[in-house]
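**Q** Quick one: this structure, given as structure tokens, is what I'll be asking you about.
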């Protein structure tokens, strides 16, 4: 009985840790299909987390904070897109600088301001949450988590089934060819970054006003990089990417839960597990074949 | 700052950036414009303006959060350049920053974007500490062996990414990034594991997650002790590295091939450059410099002379930013590294004025943007203008051509 309780607790905590990753992963997946390795997803999550707490404190509403978190993500996506796809600065450079900037800015602002804690409310789905073992993990969540039910299929549809997504994939696979057919390559990539920003900002905001209810310095602590790892692990397919997020979420939950259970596993190993997993996945599955052909390459008309 | 003559002359018309997608083996490698500052006067003017904007924004931020910008500036200055001890600490930070940047210059020039200096630096420090604490070699030889071990380890760590790319097509940017987190935990593991590098327990003393203090013989001494001003050996090594690499890039066959590889890998291949080997070596070499930076940090006074999980304090990331601002020119990296060193050692004094030291990170990234954006923006504006002029000229010219048909 106690073992089952523990399992249920770990699953529930794993689910809660997975949700912010899943939001951001949907965005990163879409951005990468368009050909951008968006390193600044970390900045988007952290910025989203901070602004959600700041705005929630100012307005007294966690929901407004959530929207503000998304808005900051969109702003960062706009900045990233314009710098890397309009001004054609190396996209990794842009991502790196934005990560440094947002980490510095939020760490600075949190030390000079005090924010009230606010949290979005929790929704227990009536009957379903009583299901043993998985009930608590799947049906007792802060309400924004249920947005995933709509956002995941929407992202999938956008990329795989919509006209826009067809063009988006073309832009990620063969920008020159897409350009010839009259698609504005860099415009599509900028649009993809806006979507990525909105979802990553939401993911960060969920972490702050959803699970924790406060902001602390560097609270995303590399979750953005985990998201990038998840997309690679998922070989640029949405389903597997989300599976990767769930794995990483569970690994995180295990790391937190094991000491309490009296199991001593090497904590460094557990921290490093997601990254190691992603690297191994890249090496073993040779994702070369699945990866968007033009991933990470800047596009400029007339250079080929 | 018109220091060197590079393979690509400064002030020439800005060359369009290489689009990627150059054959399947090369598509993951990204390009930066490794040429000169480019753009001449407009770029210089815009840069000055952008830097001013960055500084004004930072001051506004301080003022908006209730601090005093003038106090902050004074503290930054006092802590970095106001006196010989301040200068010493600035220069001590400059050395590893410069080394990382020189390494980054090499790899980026070859068209390989290494994002893992932070990890390579830590691995270098780890190897250096292990050698210095475990090998019973007397005095200066120990230091030398430790530095070499750090270079080899950092190079090997970066080389792993290079091998993964070559064998399995793993994205170099992403693998070097992920390897950084591995390195961080590896160092954390080493300093919390008694049989590896954790402090030895003496009697009932509690041990911290750090290594023993390095023996005196393994420490980089100060070369010359002027009134309180220490010129650490590490700085000389870094300066030497910057000059040597700058000369090699500008003058040697290797440097020419490296630059050619970065500018146009296809042309390089046709010209007989062994592209994969050259790019791999460039990545490994940049890792080696990052590793050396780690050992220098460890053996110099700002690095506590013990291996700690947080020993790097983001010097790997900052070194990369230095290379970006210096636009991959090792000599230009010297003043930029000094600037970053100033921000680092000055940042420590900020807290006393009530302005959180995190401000330095904000200033730093705004400055990077201020240096990186203007050349690209000027080039883009110029390109757009040229395109407009070209289309304006082409339109009437086409008419007689068609008439002749």
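Using the three backbone atoms N, Cα and C, a Cβ is placed for every residue, glycine included.
What TrEMBL says about a protein is an automatic prediction, not a curated fact.
Sharing the feature lines straight out of TrEMBL:
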type     : residues  : note
REGION   : B:1-26    : region 'Disordered'
TRANSMEM : B:86-107  : transmembrane segment
TRANSMEM : B:119-136 : transmembrane segment
TRANSMEM : B:142-160 : transmembrane segment
TRANSMEM : B:172-197 : transmembrane segment
TRANSMEM : B:229-250 : transmembrane segment
TRANSMEM : B:271-297 : transmembrane segment
TRANSMEM : B:309-326 : transmembrane segment
TRANSMEM : B:331-352 : transmembrane segment
TRANSMEM : B:358-381 : transmembrane segment
**Q** I'd like to know if the transmembrane segment (B:86-107) touches the transmembrane segment (B:271-297) in this structure, counting it as a touch only when three or more C-beta pairs sit under 8 Å and are separated by 6 or more positions.
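**A** Yes, since the transmembrane segment (B:271-297) and the transmembrane segment (B:86-107) share at least 3 Cβ pairs closer than 8 Å, they count as touching.
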**Q** Give the nonlocal contacts of the transmembrane segment (B:119-136) in its own chain as ranges (CB under 8 Å, at least six residues past its ends).
**A** 96, 100, 142-143, 145-147, 149-155, 157-158, 176, 179-184, 186-187, 190, 196-197, 211-212, 214-215, 218, 286-287, 290-295, 297-299, 303, 306-307, 311-312, 315-316, 319
**Q** So which of B:86-107, B:309-326, B:358-381 has the most C-beta pairs under 8 Å when paired with the transmembrane segment (B:172-197)?
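**A** Checked against B:86-107, B:309-326, B:358-381; highest Cβ contact count belongs to B:309-326.
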**Q** Are there residues at least 6 beyond the ends of the transmembrane segment (B:358-381) whose Cβ is under 8 Å from a Cβ of it, and what are they?
**A** 14, 37-39, 42-43, 46-47, 49-51, 53-55, 57-58, 61-62, 72, 76, 318, 321, 324-325, 327, 339-340, 343-344, 346-347, 350
